[in-house]
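**Q** Mind having a look at this structure? Questions to follow.
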Amino acid sequence: MQLDDIDRVGVVGAGTMGNGIAQVAAASGYDVVMRDVEQQFVSAGFDDIDESLGRLVARDELTRSEADRARDRIEGTTDLADLSDCDLVVEAVTEDMDVKQSVFEDLADTCRTETVLATNTSTLSITTIASVVDRAERVLGLHFMNPVPVMKGVEVVVGEKTGADTLTLGHAFAKDLGKETWEADDKPGFVVNRVLMPWINEGIRAYDEGVAGMADIDRGLTLGTNVPMGPLELADHIGLDVVLDASETLHEELGDRYKPAYLLKRKVAAGDLGKKTGAGFYEYD
Ligand SMILES: NC(=O)c1ccc[n+]([C@@H]2O[C@H](COP(=O)([O-])OP(=O)(O)OC[C@H]3O[C@@H](n4cnc5c(N)ncnc54)[C@H](O)[C@@H]3O)[C@@H](O)[C@H]2O)c1
């Protein structure tokens, strides 16, 4: 399979990442099928896409008609069978190995053998996800960054059995969506989250241990190290549940230096998951 053979792209999961991936693929001219388990999640995904396209139009980055054409290229569904004629599918469901493996089993049953199956996992093993399908050479990690329409980078992750053609196609597809890529081996957290998660957890601990207030920790890191967001604000933006899931995987695989901060666990237990629930470390309208 080569880039020219890809017309129809499937996205599994219409949440933060899935709807962003669907949007950028549609804006790049692909027909997209975006699938979630319930219609309310599909509709919420479309609401995010409408908002995001509206922002791009307001900033003159897209014309209204380009945005409308992109929107029209996305079909929303709860029916797995609608993914059957996709040439490439990106899975962006909950960061849980059992859930991801069950999605991959379904995809292997539903899609053609040559369909490339990508996972957007932040930290889980590509090799373990691929182990449940009969075509592990067609499975790779395409780790998009949040928010997908804005962030330029895609981490291409190489599983034990990922084929060379699949990798070449993964890079080419991401570049066709206007992204830049780098490659990481299938080791916990790959490049980005292996380094990012301890940074976020240390920011949370510094706050919890009274080193500084939330805003000062975020200001310290933005002004002191020239990053666009500090660790607490970034955690809210990613989703505290997503940060906790990723931190727990890294802790399990790499040991105590990756232990999630206590306050992160407490916030998630309280249901304060960041921007998406209206409150995390900060409050949102
Ligand atoms: N949020 C981030 O900043 C970020 C960044 C990079 C990668 N990721 C990764 O992307 C993936 C998705 O994260 P997210 O932030 O979009 O999560 P999210 O919670 O916003 O969305 C996940 C969606 O998957 C759906 N889902 C669950 N099981 C499903 C199934 N069997 N079939 C179809 N849909 C199903 C849920 O209903 C939900 O809508 C995770 O693996 C996460 O680690 C997240």
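All positions are counted from 1 along the displayed chain.
Quick reminder: no glycine exception, Cβ is built from N, Cα and C everywhere.
TrEMBL does not curate its annotations; it predicts them automatically.
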**Q** Taking TrEMBL at its word that Gly13, Ala14, Gly15, Thr16, Met17, Gly18, Glu95, Lys100, Ser122, Asn146, Lys276 bind NAD(+), choose the one of Asp36, Asp79, Asp165 listed for that site.
**A** Asp36
**Q** Here are the binding-site residues: Gly13, Gly15. Which has the lowest count of other Cβ atoms within 10 Å?
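**A** Sparsest of the binding-site residues Gly13, Gly15 by Cβ contacts within 10 Å: Gly15.
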**Q** Taking only the residues the record lists as binding NAD(+), namely Gly13, Ala14, Gly15, Thr16, Met17, Gly18, Asp36, Glu95, Lys100, Ser122, Asn146, Lys276, what is the largest Cα to Cα distance between any two of them, in Å to the nearest whole number?
**A** 22
**Q** Quick one: of the binding-site residues Gly13, Gly15, Asp36, Lys100, flag those whose CB is under 6 Å from ligand 1, and say none if nothing qualifies.
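**A** Close enough to ligand 1 are Gly13, Gly15, Asp36.
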